[in-house]
Amino acid sequence: MAAPEERDLTQEQTEKLLQFQDLTGIESMDQCRHTLEQHNWNIEAAVQDRLNEQEGVPSVFNPPPSRPLQVNTADHRIYSYVVSRPQPRGLLGWGYYLIMLPFRFTYYTILDIFRFALRFIRPDPRNRVTDPVGDIVSFMHSFEEKYGRAHPVFYLGTYSQALNDAKRELRFLLVYLHGDDHQDSDEFCRNTLCAPEVISLINTRMLFWACSTNKPEGYRVSQALRENTYPFLAMIMLKDRRMTVVGRLEGLIQPDDLINQLTFIMDANQTYLVSERLEREERNQTQVLRQQQDEAYLASLRADQEKERKKREERERKRRKEEEVQQQKLAEERRRRNLQEEKERKLECLPPEPSPDDPESVKIIFKLPNDSRVERRFHFSQSLTVIHDFLFSLKESPEKFQIEANFPRRVLPCLPSEEWPNPPTLQEAGLSHTEVLFVQDLTDE
């Protein structure tokens with residue numbers, strides 16, 4: 001059953017919670033979760049912020065002060081290797097040791113009292129981290145000025161960034177905390193850390209992060225790792241999905257001994273990295289497979305959607321076509337109906353046909369486009385428009401036509417035009433008592 005602090009958490013958040021607790025040493029799971037939630041589960045920002053919360057210094061992300069960061073150094077799973085300073089040998093050595101003992105005691109006592117009193121006058125500037133990367137670069141430059149440029153490759157980034165890179169790359173992270181005032185620091189850096197075989201091992205097998213405890217960034221990491229003496233080295237790696245301190249090396253260690261201890265720690269914990277690497281590969285393969293399945297599903301979905309879209313477009317095209325045909329049919333019906341009504345109206349408005357005995361009458365024989373003939377009498381005084389209206393009212397006549405005379409061959413102006421605003425009468429048009437006129441179909445023109 002999950003702990004109360006881990007309820008309602010995703011797997012990724014649970015892993016970050018456990019990793020944050022392991023790196024900071026905070027025993028309360030509630031406090032760890034609260035801190036991570038304040039930083040939106042950004043573990044790098046949370047760890048860096050915890051390193052800033054020392055002795056009343058405000059947090060960058062959380063203004064209320066908090067207790068100093070702690071690391072559980074009593075974990076029996078952490079491999080520890082401590083090199084003690086050699087005891088004096090012989091009468092001369094013991095004599096020198098006894099003579100110097102009071103001076104050393106007095107010196108360190110006065111130094112501690114001075115530092116303690118100074119804390120009340122001026123807060124320790126190391127409590128405020130303003131430029132963590134600048135602290136690393138500054139330490140590297142001072143290291144090279146003092147011990148030369150032949151040294152392991154320094155990680156130029158914050159402690160939290162180094163942790164994240166080691167986790168992402170599944171590599172060991174070796175952390176070195178430099179005590180400037182310690183008597184063994186110079187000898188360790190010059191003879192051990194800068195030894196060619198040590199440089200080769202560190203550069204090829206792990207990331208190397210180092211800083212002086214006199215720098216704010218180094219001091220914060222020192223508060224987290226809680227070294228007992230200097231020189232101090234801590235080996236950190238991803239273990240059980242958490243960045244974990246798996247080895248601590250303290251004291252003046254010689255190059256061969258350092259290589260043996262680092263190799264032992266790596267060999268003892270290599271299986272965790274191999275296991276994590278296999279799990280990552282499996283997760284990546286699962287993710288790739290899921291992505292391929294999702295892509296195949298999306299491709300199939302897009303294909304189905306495209307088919308459905310084409311079907312809809314085809315249905316819409318057919319619907320519009322049918323609607324267009326129907327509209328055309330209705331329009332044609334309306335046109336024919338209007339035409340028929342117009343024919344009937346023209347027929348009703350025609351003047352009576354003159355009698356054959358009327359000397360002012362004209363007998364006209366019309367030859368229609370279908371070769372049929374129609375005969376009717378008109379009065380000389382009537383307009384040519386009457387002839388057009390008569391032909392228009394006939395069922396056999398075309399919808400649009402013109403009337404032509406044969407001798408001489410000409411088109412009769414039966415309808416108003418620019419040349420003939422008022423069509424002439426039959427007499428004015430020069431028609432005789434008997435005429436044959438031809439009806440020419442203009443419907444398709």
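Indices start at 1 and increase along the chain as displayed.
Placement of Cβ uses the backbone N, Cα and C atoms for every residue, glycine included.
What Swiss-Prot says about this protein:
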MOD_RES   Ala2  N-acetylalanine
DOMAIN    12-48  domain 'UBA'
MOD_RES   Lys167  N6-acetyllysine
COILED    275-350  coiled coil
REGION    299-361  region 'Disordered'
DOMAIN    357-439  domain 'UBX'
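Around the Cβ of the residue listed as 'N6-acetyllysine', the number of neighbouring Cβ atoms within 10 Å comes to 19.
Taking the coiled coil (275-350) as a whole, pLDDT averages 92 in the prediction. Per DSSP, the domain 'UBA' (12-48) is made up of 29 helix, 0 strand, 8 coil. For the region 'Disordered' (299-361), residue counts in helix, strand and coil come to 51 helix, 1 strand, 11 coil, using DSSP. A helical conformation is recorded for Lys167 (N6-acetyllysine) in the three-state DSSP classification.
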